[in-house]
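Asker: Attaching a single structure in structure tokens format; questions to follow.
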Amino acid sequence: MAVGVAIKSDGKQYNGRITRFVLLSCMIAASGDSFSATMSEFQVLFAVFSRWSEFYGPVLDEILLRGLQEDEREQRRKQLLQIRQPAADMLHLLTLHRLISSFFASIVTRNYGRKPSIIIGGLAYMVGAAIGGSAYNIYVLILGRVLLGVGLGFTNQSVPLYLSEMAPSKYRGAFNVAFQICIGIGQNSATLINYGTVRIKGGWGWRISIAMAGVPAAFLALGALFLPETPNSLIQHTNDQEKAKKMLQKIRGTDDVQAELDDLIQASHASKAIKHPFRNLMQRKYRPQLVMAIAMPFFQQITGINAISFYTPLLFLTIGSGENASLLSATVIGLIGSIFVLITLVLVDKVGRRPLFHIGGLQMLISQLLVGGLMAAKLGDHGTMDKGYALGVLILICIYISGFGLSWGPLGWVVTSEIFPLEVRSAAQSITVAVNLSMTFIIAQLFLAMLCHLRSGIFFFFAAWVVVMSIFVYFLLPETKNIPIEQMEKIWGEHFFWKRFVDGSERDHEEGGKIEAA
């Protein structure tokens, strides 16, 4: 551990345990949102191409060229763009509305609470899936995608905050990792559903695929109606301390909650003094949180996980595997990712966030370097690879996925959901979601072109970024394990680098008062 980087808690811990009430509430919030989000993203592609070969055939031609002359290659590029454009437009639309709606969700979450944002997101999911599944033309399908984008934006912004505020501090990491587990289940479910409905004759299997996303959406929308509001939000919006205390006692399973209640009241007072959270987030004393709100989702996506996961069947087709084998490989990789996220759930509150970042980062780095080297050395002139080496690539990608499941996959969301003070929490979380979506969009646009030009070098590109983000975590990210969420600001004041920003908080408070007065 680097000197001055590992920050220890002052020993303050709130009373309480994991109760069935808080467990059920968080399960409803996490599972419904994650299932719907991943299923809707995967199934929008299936709605546009009803068969894998219609998409991947031209893509492989572009990558491998297969000895075509220049005029033939140019014609193939045009065909590729024509086939990719409908899916690209739909994905752009979904990402755009997720990004925009996350900022509106910040306003709702801050002014009305976490629960209303979750309900709005769930209803938008449900209606969007129903409209998409019954669409009779492209415009109705687009309307469904818009509503799904709104649902994703609202729930991605509010659900992580809800989980962090409801969970006991000793188990906060595990509660947030459960969110990622549900995402993995949603991905695997979508893959299996698409794999089954693609065989339905008559060309209407895609309707079942999209409509199925409405099942977990309905679970979220209806379940959210019965969710309790977080004690943090109750104090912030109702100022009913007695009601907040009773909720704390119920979710913590103990009557001795006064210490935690006092910290929530203090945080609420600070929050109510802030009228423009986005503007105040730019103040010097919030510099550590602002940097993390941008850097963590940026690094999470620049690992290349979305590109590699989405194009895994393409990668294995590229090295000569058959179409069914490629789909099977993608399914196996998805299951392995889910298993290692489950391992993270067990370890995150025992060993901490930073060790898991380092272990997972090392796994990703080594596996990407080996995959890049293996493909550079063994991928033949015709773009094929012996089955033995192809199996080696599959194993190495599984190691990469397991490393991501141990580290940046779940922990990228865990850290950003727990480090923001109440007064800027909604605004900062919106920035996190916006950066995540923006990077998802950019990498999705660039990956195919990079794969065409760099081929095996694409793995070295992502490996270099893994080195950068591992250094960032080692020096700049303090440990947050077991630290109460409303006491989190102390870790920055004790950090060798960030304390220079936090130490000037008094001056910033005066400047902030002048800003608000203006």
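Glycine is treated like the rest: Cβ placed from N, Cα and C.
Just so you know, TrEMBL annotations never went through curation; they're auto-generated.
Quick caveat, the model's predicted, so the values are computed rather than measured.
Summarising the annotation, TrEMBL assigns domain 'Major facilitator superfamily (MFS) profile' to 22-481. Under the heading transmembrane segment, TrEMBL lists 116-136, 204-227, 290-314, 326-348, 355-377, 389-415, 427-451, 457-477.
Can you walk me through where each of these features ends up in the structure?
Answerer: If one looks beyond the transmembrane segment (355-377) by at least 6 residues along the same chain, the residues whose Cβ comes under 8 Å of a Cβ in the stretch are 303-304, 319, 344, 347-348, 385, 389, 392-393, 396-397, 399-400, 402-408, 411, 455-460, 462-463, 466-467, 469-470, 473-474, 477.
Sequence-distant neighbours of the transmembrane segment (457-477) (same chain, 6+ residues past either end, Cβ-Cβ under 8 Å): 2, 5, 291-292, 295, 299, 302-304, 308, 353-354, 357-358, 361-362, 364-365, 368-369, 371-372, 375-376, 408, 415, 447, 450-451, 497-498.
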Asker: Across the domain 'Major facilitator superfamily (MFS) profile' (22-481), what does the pLDDT come to on average, as a whole number?
Answerer: 78
